[in-house]
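Trainee: Mind having a look at this structure? Questions to follow.
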């Protein structure tokens, strides 16, 4: 393991092909040997690393004397070492690649010395240890031969010997008569040498495969360990993808909000899930050769992909990528150790239920395992798909449900019996607090949390003021002739909202005085920020439409489009208002189009054109609608034509002005000459004469540049994914689903009393274990027979009651104290059966005797194999 760690660090520092070879070989081949890898592997790589040190030093000397191109440095960086301006040891991490090579070389020498000192490589000790070693073959078709190299005379036919190849060549290909004896001898020598090399390589590969795929003893189960590390690596990859890719600014949260995930991330997640499913299939079928092939392919793929990632991608921080690679290598290392020790002869159903409820940690982990969506379903369907069984999927799922019921009952019984309570003991307050009050708080919180979240008492509530505003005016469906993107939020007095409410009572009823809302006065530019882009054809069509309106042949509308963004929400909102042309306005605009002026003041007035009062809500934008046309302002437009000295052309643009909010402006002052309504605004008296909610505004038309009064509701900046979800949608989806989960947890308890309240679930657990043992031994008729008896037993409550016992017998007859969880199940069973007056018989008497005996014999066979391994 130390050698593997040293080579991995060396490869991660250099990311070169030269360091990839020893690390990948040690990963997929070296640690797969049982009980230890051969010494020639370490001897060969000692010379390999020493040769690499010499080559790197030679390259450094050569590059210091000659001129080189960037392409040469790139090739060297991929193959043997990274060179940066002739000083390859000056890297950001501060390590020298050559010094790390010396560390690897010293590790290899130290490993060999330690092994020699402890007799690992002593041939006498190896032979003595193998004479007493009994190798138990795999029941799934693995090789049962001893791990001894086959001899040419017994294990292989004469065709694989060098002399046989030469003889066969001499028979099939007659040499020419003119060939001299010296040439014939040289040809035979070369052929014999090549055949000998091929045979040695073949024997080495075949010996490694036989060694790796044979199972010493009864094997061991490492599946849960490398599967857990694989799952952790997948989570690290998903949540840190932006750190190990070019998507630096796009976190997982932002990608989910935009509903656009990176394609490479989805591909890697899919491949990882398929890899874990394939690994589960190999684990269930105990296919050693398939597992060895999968480890080899994934080990080589991990190393090559990491080298490509390190050399091709430039990331902000390689920490996440290195962590992901390290976790993957750790999981693969444990998987290779699984190959070395072999799959277990009798595998556990899962790493939790074998504890029989004696471990609280196992109980919590099992609850989490069952709660994770699709995890249990994928595991069960995968096992049934590849496992050799006589049970249909529905029957297989019934066995899985029994595992869950029995384990849950075992956990409850162990927890109850551990406290040793007497009969009639009241429930303590601590239990009422944890099981009652906390759950009550959970229910009330789930019910009321959305109401508090969307209320004004939410502490995360903040202002949602307008940050950008764009207004466009257009004739019908043509391009806008007026566009204003200039945003100016004018500073308003503190009493300005009160002044609006006193002169416009309808605004008071719409909450303009609400201090939790944000009130803004947004002024636009008096003239358009863009020139009027209209073609001659569109210009002629516009004149025709205006003529038709003048003759009352058709109607024409002018559209006002408003788009704005807010500080509290990320999405843009828009609103469109329309105004129908009168024949007078159409006539004046038609005259203006055909007689543009340079500095004209003949504006065309648009009666009751728009309402400047906008209400900005978190989910959209709305304009004031009093129902009677109140608070609607008059506006006027003007087409100007000027000569542009820069463009050396004549340009046209539009200007717009609208009626002010007060007599001579939008923000009044104490000048009663300009603002005669000041007495009403300051004291609130005499406001009947200054009711500005008339249809045409003031009697006198005092225009200013176009403006908007925006009243913004506060927004919630709490949970990001809830910003686009309303309170009704939240209650009808999440809260309703949560309520159904709570209902399923607390209701329908009496339906499963026969199974969920068994006094001793051990007999049911034993029958389930008999089914598994029969399936592993390949006795499918026995498997189905025990299953049928189990189903018939569950269909009879009386038989199940006699078999699992009475709950009253869990309490001592004299002290009325519940019995210890360490009591013998057989003694309790005898007491339960004696209580009914029945014969004291064991669990096997309730099933077919032949099936029970055969299942017990199969179980004893597995136990005998374990005892042989211990001996």
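Heads up, the Cβ atoms here are built off N, Cα and C, so glycines get one too.
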Trainee: With the ranges 68-94, 95-121 to choose from, which does TrEMBL describe as transmembrane segment?
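Mentor: The listed stretch tagged transmembrane segment in TrEMBL is 95-121.
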Trainee: Under TrEMBL, which of the candidate ranges 398-416, 417-435, 436-454, 455-473 is annotated transmembrane segment?
Mentor: 436-454
Trainee: Could you check which of 204-222, 223-241, 242-260, 356-374 is flagged in TrEMBL as transmembrane segment?
Mentor: 223-241
Trainee: Three or more CB pairs closer than 8 Å, sequence separation of 6 or more: does that hold for the transmembrane segment (436-454) against the transmembrane segment (721-742)?
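Mentor: Contact confirmed: at least 3 Cβ pairs fall under 8 Å.
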Trainee: At a threshold of under 8 Å on Cβ distances, which of 40-59, 223-241, 290-309, 321-339, 721-742 pairs most often with the transmembrane segment (95-121)?
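Mentor: By Cβ pairs under 8 Å, 40-59 leads among 40-59, 223-241, 290-309, 321-339, 721-742.
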Trainee: Where else in the chain does the transmembrane segment (12-34) make close Cβ contacts, counting only residues six or more beyond its ends and a cut-off under 8 Å?
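Mentor: Result: 1, 3-4, 41, 45, 48-49, 52, 77-82, 93, 95, 97, 100, 104, 147, 208, 211-212, 214, 216, 292, 295-296, 299-300, 303-304, 306-307, 310-311, 322, 325, 329, 332-333, 336-337, 339-341.
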Trainee: Per-residue pLDDT averaged over the domain 'Piezo THU9 and anchor' (220-455) comes to what?
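Mentor: Summing pLDDT over the domain 'Piezo THU9 and anchor' (220-455) and dividing by its length gives 87.
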